[in-house]
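Report on the structure given below.
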Ligand SMILES: C[C@H](N)C(=O)N[C@@H](Cc1c[nH]cn1)C(=O)O
Ligand SMILES: [Zn+2]
Ligand SMILES: [Zn+2]
């Protein structure tokens, strides 16, 4: 059965209430990467658990233990497993999402408080997590609410896995997924997986995503002085950690995006003409990337090169320096200890296991060239492998039909530049097809200031998630 008109109408009728629920979710600052907010991630887990129960989902909160972040031992937020329906004649779909968010502070340049959802006149719903990934999770809740309130059966059996550590390396989740994928586990019987946690390529064409880049994240600490020093007293007298660190960080990537660590870029075979034609065919222009970036700063004016830079080539980004003077004024300090943070997005055949040794050896070699008496410590904070799926699978076919039904257009088939480390774990542990079905647009500003989800993407996206389930329900065994 196609998605009932009554379902589509219900989503429209409830739009304001759904947006209010999104505002409630955004108001919980569930920042997994900030120890001060760890209790908020727990609060968010409880909030989501209650919402799921209220729409008829059987849930189980799984304790994932503890971990160490920035030298502090912290409890990991629970994963939420859910299930609804157990009809052997129906397909079983596993959905995944994350209820943690990236850090956000008004002082970063937000126009409004990041944790107060602001409804703009043009339809933008602005707030941290609106697009990544609270909006999509609530899209699933909206679908479930219709079925719960009307008593209409779902077209599929649903299993769920929601986590609160995705933005900080998905700690503890791989083990849980592997465990629950075994016979008798929570995920037994799953036929396919759907993840709504990425974005369209542009602002106008819905997308289905069949690839994600992997990630390896490093923290490089240089220390020497016993304490912060006066630059007038110690300048040109001692080895300065910040000087060493800036030298090291300048050796990682050039200004055109080429990775300078020998062997890393070289690991990836070049694209042939057939593959380039795929990128050429996508609805994308340099104006799209510049609009999403907020300025005319694309590295290349060639669309295919830009798309390959995002989707099928590795990239190295410098993220920040901890411990450096960053306040107002002109403090003349020599910081005693500074830590540079950078990450590399990985593509097949790269994995953290293959790339990390190259990075570590290179950093040590470059540091040795500095003839510094300071100390270097290299830490790997987290990582994940890249993933690519088969787009000819019935899971993708169902999503294509659903997209056409809701948006009246064919979706772009994209590879995402970001990472969702558990995706490959689902694919490998369950041995089933995984699909990424994004809700938001390419200019949503995930991880950035003024993150937003357009009202129409939230509402049409909720319809899309439901329609996709109805299309799966029609797939013959
Ligand atoms: C694509 C997904 N919505 C996302 O944002 N993933 C993050 C995962 C991550 C890893 N370390 C920190 N965050 C990303 O791609 O950055
Ligand atoms: Zn994210
Ligand atoms: Zn996300």
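Cβ coordinates are placed from backbone N, Cα and C, and glycine is handled just like the others.
Remember, TrEMBL labels are computer predictions, not curated facts.
As given in TrEMBL:
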ACT_SITE  100  active site
ACT_SITE  166  active site, proton acceptor
BINDING   98, 132, 197  Mn(2+) 2 binding site
BINDING   132, 167, 447  Mn(2+) 1 binding site
BINDING   197, 230, 332, 345, 419, 447  substrate binding site
DOMAIN    210-368  domain 'Peptidase M20 dimerisation'
SITE      230  site 'Important for catalytic activity'
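All features noted in TrEMBL, drawn onto the structure.
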residue: 100; record: active site; CB count, 10 Å: 27
residue: 132; record: Mn(2+) 2 binding site; CB count, 10 Å: 28
residue: 166; record: active site, proton acceptor; CB count, 10 Å: 25
residue: 167; record: Mn(2+) 1 binding site; CB count, 10 Å: 21
residue: 197; record: Mn(2+) 2 binding site; CB count, 10 Å: 26
residue: 230; record: substrate binding site; CB count, 10 Å: 10
residue: 332; record: substrate binding site; CB count, 10 Å: 12
residue: 345; record: substrate binding site; CB count, 10 Å: 20
residue: 419; record: substrate binding site; CB count, 10 Å: 27
residue: 447; record: Mn(2+) 1 binding site; CB count, 10 Å: 15
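With a cut-off of 6 Å between Cβ and the nearest atom of ligand 1, the recorded positions 100, 132, 167, 197, 345, 419 reduce to 132, 167, 197, 419. Counting in whole angstrom, residue 132 (Mn(2+) 2 binding site) lies 10 from residue 166 (active site, proton acceptor) by their C-alpha atoms. Listed recorded positions: 98, 100, 132, 167, 197, 332. Those with a CB atom under 6 Å from ligand 2: 132, 167. For the pair residue 98 (Mn(2+) 2 binding site) and residue 167 (Mn(2+) 1 binding site), the C-alpha distance works out to 8 angstrom. In the three-state DSSP classification, residue 197 (Mn(2+) 2 binding site) falls within coil.
Close to ligand 3, meaning a Cβ under 6 Å from one of its atoms, are these of the binding-site residues 197, 332, 345: 197. Confidence over the domain 'Peptidase M20 dimerisation' (210-368), given as mean pLDDT on the 0 to 100 scale, stands at 97. Over all protein chains present, the Cβ of residue 98 (Mn(2+) 2 binding site) has 29 other Cβ atoms lying within 10 Å. Inclusion criterion for the recorded positions 166, 167, 230, 332, 345: a C-alpha placed within 10 angstroms of the C-alpha of residue 100 (active site); this criterion is met by 166, 167. Of 230, 332, 345, 419, all annotated as binding-site residues, the residue with the shortest Cα distance to residue 167 (Mn(2+) 1 binding site) is 419.
Distance noted between the C-alpha atoms of residue 197 (Mn(2+) 2 binding site) and residue 447 (Mn(2+) 1 binding site) is 13 Å. Cα-Cα distance from residue 345 (substrate binding site) to the residue listed as 'active site, proton acceptor': 15 Å (rounded to the nearest whole number). Residue 100 (active site) falls within neither a helix nor a strand when secondary structure is assigned with DSSP, and so counts as coil.
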